[in-house]
Amino acid sequence: MGKTLTIVMLVFVSMAGWMFGADTGSIGGITNMRDFQSRFADRYNPVTDTYSYSSARQGLITGMVNVGSMTGCILSSPLMDRIGKRVSIMFWTIVYLIGIILQVTAVPSWVQIMVAKIWTGLAIGALSVLAPGFQSEVAPATLRGTIVTTYQLAVTGGIFIAACINMGTHKLHKTAQWRVSMGINLLWGIIMFIGISFLPESPRYLIAIGKDEEALDIMCKNNVLPREHEIIQTEYHVIKTDCEAEMAGGPATWGDILGADIRYRTFLGLGVMSLQQLTGDNYYFYYGFEVFEGTGMNSPYLSALILDAVNFGCTFGGLFVLEFFGRRMPLIIGGVWQSITFFIYAAVGNRALTRKNGTSNHRAGAVMIVFSCLFIFSFAQTWGPAAYVIVGESYPIRYRSKCAAVATTGNWLWGFLITFFTPFISDSIGFKYGYIFAACNLCAACIIFLFAHETKGLTLEEINELYLSGAKPWMPRPENLGQAAKQQQEVLEKSRGVQGESAAHLENVDNEGMEDTSSNDITSSTSSSEGRAKPESNYVDEQDRYA
């Protein structure tokens with residue numbers, strides 16, 4: 001398998017995000033479809049011949065997928081440690097398909113809809129841990145941010161396509177209105193299952209469990225290089241040495257993720273993923289129909305479609321933003337931008353939307369839609385993709401599955417709290433709710449400035465060194481970091497220049513003491529190069545960093 005094909009297949013893994021987005025994007029429109037309301041709503045107004053939901057039922061139907069997702073995040077870790085990421089992804093995809101079938105057959109019980117949402121959420125939550133983690137481990141360091149961003153791109157693509165499907169089905173008759181929107185999600189799961197079946201396991205995982213030969217074969221195929229090549233040798237020995245050091249203490253327990261060497265990153269990942277929800281994006285995506293109806297828009301389906309199109313289109317920018325500008329700056333600027341847009345949205349909605357005679361001010365409504373789109377413009381390129389990138393690349397392999405599970409669980413917890421309580425809060429304070437999200441976005445920008453390191457261009461092993469180095473996040477990172485990645489890139493460029501010459505004839509690029517890799521004994525464990533040496537005096541426990 002060549003590198004290009006590897007990248008294409010890694011994008012297939014992003015179908016996990018598409019499945020999540022399709023669920024998020026469809027439920028808001030489905031709950032507003034006439035046939036669905038007639039079967040599952042608990043209120044009926046005979047005067048207007050309309051159905052509606054109590055706040056509790058609305059929150060349960062919409063938000064219970066997040067409860068399942070929280071559980072799925074935790075369950076993903078032990079299964080992944082046993083059978084690996086690739087097979088785990090295939091297993092959870094089957095769980096997802098069963099959940100969709102349960103949703104489509106849920107007539108006439110709204111409880112079955114709720115249970116089916118929980119079941120589907122199990123798969124969505126597990127895949128939200130597995131997919132970005134798998135991409136981070138297999139992707140080249142220079143492309144990791146872009147490739148992991150495809151997960152969020154797939155989320156927004158799923159949301160947009162679901163909105164298009166809702167737009168086309170909401171005028172159909174009887175159960176076809178909502179069953180088509182739900183049932184088409186089976187297609188995404190099938191595509192995901194087929195795609196992942198062709199993808200190899202993560203070399204890092206294989207080395208961690210002692211399958212070095214298989215890992216080497218995959219590394220050679222991914223890079224289209226022989227085993228003796230310097231890139232393969234360097235990458236293998238770096239991963240091997242780090243895996244041995246990390247696994248020396250045995251498999252990590254849940255308590256170990258609070259140890260001195262990883263505690264800081266455990267809470268950072270949890271905080272970043274929680275703050276991603278607290279930015280308020282799902283306020284629009286889950287309740288966009290109610291929001292736009294409140295602004296006086298005649299066609300909430302069309303309004304939601306416009307917002308979802310902006311979300312999807314702008315996420316393409318995120319593919320480049322995180323590689324060109326790094327992780328920190330986009331998150332900081334994004335948080336400030338989103339705070340401003342939410343503040344204006346809330347102020348206009350609270351003060352200008354409703355006239356004294358009770359009618360809606362359509363100009364004010366248009367302003368609110370514009371600032372909603374400006375919020376999405378920022379979120380789609382910053383907090384949407386970057387949160388998954390940070391979680392996917394911040395943890396060493398010994399802790400990765402459990403730390404990522406905890407971080408993503410925080411995301412789903414806040415997702416549930418926001419989706420469940422939004423109907424109650426909106427009924428109580430209306431558009432003033434936006435002030436809360438404005439404050440959360442500003443807080444998020446401050447937390448990134450104080451606690452998150454810039455990791456652009458570093459290998460996963462170098463990121464681990466960075467977090468252990470004691471460097472302040474807002475200061476320039478240590479100069480010795482990133483040398484291995486640069487050396488590998490130099491070797492790759494030279495290997496392309498000689499069009500397949502033997503590695504023995506390539507110029508030796510290891511000027512920093514990188515180990516000689518010409519030996520045939522490539523599976524023996526060797527020390528890292530001097531450029532990657534870790535003097536004890538340069539490293540501190542993470543909890544002492546800000547002492």
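Using the three backbone atoms N, Cα and C, a Cβ is placed for every residue, glycine included.
What Swiss-Prot annotates here:
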TRANSIT   1-21  transit peptide
TOPO_DOM  22-86  topological domain 'Mitochondrial intermembrane'
TRANSMEM  87-107  transmembrane segment
TOPO_DOM  108-112  topological domain 'Cytoplasmic'
TRANSMEM  113-133  transmembrane segment
TOPO_DOM  134-144  topological domain 'Mitochondrial intermembrane'
TRANSMEM  145-165  transmembrane segment
TOPO_DOM  166-179  topological domain 'Cytoplasmic'
TRANSMEM  180-200  transmembrane segment
TOPO_DOM  201-304  topological domain 'Mitochondrial intermembrane'
TRANSMEM  305-325  transmembrane segment
TRANSMEM  329-349  transmembrane segment
TOPO_DOM  350-363  topological domain 'Mitochondrial intermembrane'
TRANSMEM  364-384  transmembrane segment
TOPO_DOM  385-404  topological domain 'Cytoplasmic'
TRANSMEM  405-425  transmembrane segment
TOPO_DOM  426-432  topological domain 'Mitochondrial intermembrane'
TRANSMEM  433-453  transmembrane segment
TOPO_DOM  454-547  topological domain 'Cytoplasmic'
REGION    482-547  region 'Disordered'
COMPBIAS  517-529  compositional bias 'Low complexity'
MOD_RES   Ser519  phosphoserine
MOD_RES   Thr523  phosphothreonine
MOD_RES   Thr526  phosphothreonine
MOD_RES   Ser527  phosphoserine
MOD_RES   Ser528  phosphoserine
MOD_RES   Ser529  phosphoserine
MOD_RES   Ser537  phosphoserine
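Averaged over the topological domain 'Cytoplasmic' (454-547), the predicted model reaches a pLDDT of 55. Count of Cβ pairs under 8 Å against the transmembrane segment (305-325): among 87-107, 113-133, 145-165, 180-200, the largest is for 145-165. Within its own chain, the transmembrane segment (145-165) has Cβ neighbours under 8 Å at 7, 10-11, 13-26, 29, 131-132, 135-136, 139, 180-181, 184, 188, 285, 301, 304-305, 308-309, 311-312, 315-316, 318-320, 322-323, 327, 380, 384-386, 388-389, 392-393, 456, counting only residues six or more beyond its boundaries. Beyond the transmembrane segment (180-200), the same-chain residues lying 6 or more positions past its ends with a Cβ under 8 Å from any Cβ of the stretch are 1, 9-10, 12-13, 15-16, 18-19, 22-23, 26, 29-30, 86, 89-90, 93-94, 96-97, 100-101, 103-104, 138, 158, 162, 165-166, 169, 172, 218, 221-222. Counting same-chain residues at least six beyond the ends of the transmembrane segment (87-107), those with a Cβ under 8 angstroms from any Cβ of the stretch are 13, 16, 19, 39, 72, 76, 79-80, 113, 115-117, 119-124, 126-127, 130-131, 134, 175, 179, 182-183, 185-186, 189-190, 192-193, 196-197, 201. Mapped onto DSSP helix, strand and coil, the topological domain 'Mitochondrial intermembrane' (426-432) counts 7 helix, 0 strand, 0 coil.
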